[in-house]
Amino acid sequence: MLEIESPTSLCFRTNTTCNALLRELQKIWVDIGESDAEKDRMLMELEKECLEIYRRKVDEAANSKAQLHQSLVSIEAEIASLLAALGVFNSHSPMKAKEGSKSLKEKLAAVRPMLEDLRLQKDERMKQFVDIKAQIEKMSGEISGYSDQLNKTMVGSLALDEQDLTLRKLNEYQTHLRSLQKEKSDRLNKVLDYVNEVHTLCGVLGVDFGQTVSEVHPSLHRTDHEQSTNISDDTLDGLHHMIHKLKTERSVRFQKLKDVAGSLFELWNLMDTSQEERTKFASVSYVVRSSESDITEPNILSSETIEQVSAEVDCFNKLKASRMKELVMKRRTELENLCRLAHIEADTSTSLEKSTALIDSGLVDPSELLTNIELHINKIKEEAHSRKEIIDRIDRWLSACEEENWLEEYNQDETRYSAGRGGHVNLKHAERARITVNKIPSMVDNLIKKTLLWEDETRKSFLYDGVRLVSILEDYKLTRKQQEEEKRRYRDQKKMQDLLIKRRESIYGSKPSPRRSNSVRKTNGYNGDASVPPTPRRNSAGATNNDIMTTPRSYSSHRQNGYFKEVRRLSTAPLNFVAIPKEDSVSTYTSVCGSEPDSPLYN
């Protein structure tokens with residue numbers, strides 16, 4: 001194997017070879033007989049040719065060096081550009097290690113692998129950018145609805161820059177892509193929600209769903225998947241406006257159906273329509289009772305349904321015209337019942353007799369008369385609602401008066417403490433009755449205050465069967481006060497009577513008195529033997545206004561009142577609080593007045 005020689009040995013061997021060749025050439029020249037001048041000339045040419053060869057070789061070597069250096073510089077520049085584009089900053093790269101190399105070829109050999117590797121990295125990074133950019137452009141087009149102007153604006157802002165292929169830039173693209181994916185998902189869900197709402201509204205209104213959504217965009221009702229669902233702003237706005245339009249139509253139809261159904265229900269009630277006939281429109285009844293937003297039944301607000309209900313109303317109106325007189329009588333009776341229950345005097349201008357006479361004479365249109373009665377019924381219902389609290393208080397007051405009457409009867413029974421059947425029940429009843437009776441004054445005062453407050457609010461008198469309630473209550477308070485005075489006078493008289501009897505007995509001795517009857521009064525509901533006392537009997541509410549203070553009245557639909565009868569009794573004669581036989585009463589009165597000769601007062 002040949003060894004590479006050093007420059008010194010190479011120069012020595014070259015000189016030796018040249019000297020040998022020169023000596024051989026001189027020998028040839030001698031043999032030829034060349035002159036010295038010719039020899040010098042040929043030697044000069046030979047030397048010149050050698051110099052030219054050396055110079056050419058040196059130039060070639062210099063050019064080769066320059067090319068190698070230029071290649072190295074170009075590679076280094078490309079590597080630097082790739083590193084900057086990829087965002088790679090490696091302090092241990094081969095470019096740092098090349099400074100220790102001895103030749104340009106070694107330097108080139110060191111950086112070329114790095115260049116190839118960076119080029120591969122750039123190609124791979126470019127593929128990632130191109131793929132993400134394509135997805136971004138596609139989603140941007142879907143969101144913008146493939147609008148050229150908007151699409152160019154969004155894509156232009158994402159123009160690919162090959163000088164910036166860093167991971168930071170790639171992450172920005174990926175973040176943008178994820179943002180578009182989320183926006184697409186949100187828009188798609190919103191479109192689906194809108195479409196579902198449109199489907200529900202179309203079902204309720206009986207409108208063709210496919211035709212409705214196709215007016216917004218054909219892709220919303222495609223069954224072939226040739227085109228994806230459009231999620232652009234125009235589609236969302238179109239669906240929003242379509243929903244608003246359908247809801248407006250639903251409101252109009254709902255109100256129309258409600259009005260028509262209301263008329264139908266009134267006619268049903270007037271005509272006493274059977275439940276079987278009403279069942280055909282059960283769904284309509286449900287709609288009227290529901291709120292507009294709760295209606296989801298298909299075709300319930302369709303034009304056909306509304307027309308069917310309207311046709312039914314027209315049919316009943318024709319039937320109503322033929323039965324108008326009967327309906328007027330029926331509604332007038334209903335009005336009188338309402339007035340009786342509310343203790344309000346009914347309008348006499350539409351009484352049964354007058355209504356019948358007006359209809360038979362033809363002076364009044366039955367429809368107008370019926371409308372007038374209907375208005376009066378509604379007015380009575382409203383007034384009865386406002387009077388309800390006071391009427392309830394009146395009922396409680398009357399119940400307390402019944403308990404008071406029963407307690408009076410019970411206290412007059414001398415056998416009330418006997419151990420007979422039902423005695424303990426009557427004792428408990430009496431205890432409850434005393435508690436209730438003690439509350440009567442406060443009940444009356446509160447009722448008066450409540451009534452006056454009602455009169456202030458309504459600016460009219462509270463009439464109870466035609467008589468002002470406050471006047472009734474004031475009369476009751478006055479009568480009750482007279483009753484209390486009568487009780488007090490009786491107690492004083494009884495005390496004086498007992499005192500005189502005792503004095504008489506102490507002077508003249510006691511004498512037997514007639515034996516009293518053990519019979520017990522059982523009027524006004526008291527039953528000494530029954531376990532539960534019956535309710536005091538009352539008359540019905542048919543009394544006239546002139547009998548208000550002399551005749552019992554009805555104060556409720558379930559009970560009859562005996563209070564006004566009691567008021568009259570209290571106002572004409574004192575109550576008999578203790579049952580005293582006639583003989584004892586006469587003797588006692590004579591004793592008190594001193595009419596007997598044996599009496600101390602007589603003496």
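Glycine is treated like the rest: Cβ placed from N, Cα and C.
Annotated by Swiss-Prot as coiled coil, the relevant range among 16-47, 48-79 is 48-79. Here Swiss-Prot gives coiled coil for one range in the set 223-257, 398-432, 468-502: that range is 468-502. When other Cβ atoms within 10 Å of the Cβ of ALA430 (site 'Microtubule binding') are tallied across all protein chains shown, the result is 17. In the three-state DSSP reading, ALA430 (site 'Microtubule binding') counts as helix.
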